[in-house]
Amino acid sequence: MDAPGDPEGPRLPRGDDPPGSARETARQLSREQLFVLISAASINLGSMMCYSILGPFFPKEAEKKGVSNTVTGMIFGCYALFDLLASLVFGKYLVQIGAKFMFVAGMFVSGGVTILFGVLDQVPEGPIFIAMCFLVRVADAVSFAAAITASFSILVKAFPNNVATVLGSLEIFSGLGLVLGPPLGGFLYQSFGYEVPFIFLGCIVLLMVPLNMYILPNYDSDPGEHSFWKLITLPKVALIAFVINSLSACFGFLDPTLSLFVLEKFNLPAGYVGLVFLGLALSYAISSPLFGLLSDKIPHLRKWFLVWGNIITAGCYMLLGPIPILHIKSQLWLLVLILVLNGISAGMSIIPTIPEILSCAYENGFEEGLSTLGLVSGLFSATWSVGAFIGPTLGGFLYEKIGFEWAAAVQGLWSLTSI
């Protein structure tokens, strides 16, 4: 089924659209396309807020329940691991399950388990508390994977000539979710206690479910013949998957290390540490729509975005500490500036990846339809999850062994290798 309102039919991004195609489609945005944008924005914002809300206070609450730092790290890390596994399964069976059902069901379960996380403080401490934390976190990861995999596929189906522009624009809502989650969660926790942040956000997500059931269109398609294995063994796709993995690992590296480094190096009050992350999240959210627009209008720039984005990212991680051999004094303004540049370079590198994978898939005989879109969106989510698991795990280990300055430089080698 083609997206209604698209006067040019079911053409999907191959990198050979005329320069005016993105502009022409934007002028003729249909009611259905508008509804798709609203649905995708709601899941990006809601899921990122639910994901990031744990950071400011859950480790402290877990400590009260007798949970070690290692186990707390595993509770955080299991999210990425199960997101990886679920993304591959949902991407493969998207057509059989149905994109709209997968999206709505994923959002419903995500809202429910977020509320459940808010009542975990009532669970007895020890193994029961730990087991329930893992169970709820895994359910959240699986539901999030379902909703995001379906969302990507529906977006590409609805906007076949503007994939990068639309994905880039929607990263604004992902960035807002990451920015708003920790301070909102911290405020609600300080004002009302442990339960309220989770119940509040969970209820907001659940309220979005009936809205999306009403406005989200149904897209039907036949199951495809191709598999993840055939997709990932295409050399160009494998290389882009490595780029996605390295960028995700670089982001993930900062979660367990940057706040500790800032507290130790600059003696900032704990409340101000979250503001340091704002530079990264805001610059990524603001720059992504621009790189998406350029990727659609001038497709041959995508390769250079990937190259220069990785070069800048590698440089940023060399200067985060900075690496001792450069003999540059570590200063707070320099750190914030580097994080802003890192957000821009991340947008430059991440946004072109999905259109490039799609182009490569179609060039190698993959059919145009939801089955291929499911494989591509599942692959993106899965490779991102691998990096999100490796980044914090390796980063935390390196931070303990060689310090933040050298650990950040080692992380930058991932991006340098991608170039």
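Residue 1 is the first one shown; counting continues down the chain.
Quick reminder: no glycine exception, Cβ is built from N, Cα and C everywhere.
The feature compositional bias 'Basic and acidic residues' is assigned by TrEMBL to 8-17. Taken from TrEMBL, the feature domain 'Major facilitator superfamily (MFS) profile' applies to 36-419. What TrEMBL records for 1-24 is region 'Disordered'. What TrEMBL records for 34-54, 74-94, 101-120, 126-156, 163-184, 196-216, 237-254, 274-293, 305-326, 332-358, 370-390 is transmembrane segment.
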Quick one: find which recorded stretch in 126-156, 163-184, 274-293, 332-358, 370-390 has the most Cβ pairs under 8 Å with the transmembrane segment (74-94).
370-390
Contact check, the transmembrane segment (196-216) vs the transmembrane segment (101-120), 3+ Cβ pairs under 8 Å, seq sep 6+
yes
Suppose I define contact as three or more CB-CB distances under 8 A, residues 6 or more apart in sequence; do the transmembrane segment (305-326) and the transmembrane segment (101-120) meet it?
no
Taking the transmembrane segment (163-184) as the first stretch and the transmembrane segment (274-293) as the second, find out whether 3 or more Cβ pairs fall under 8 Å, excluding pairs closer than 6 in sequence.
yes
State, in range form, which of 101-120, 126-156, 274-293, 370-390 has the highest count of Cβ pairs under 8 Å to the transmembrane segment (237-254).
370-390
Can you give the mean pLDDT for the domain 'Major facilitator superfamily (MFS) profile' (36-419), rounded to a whole number?
82
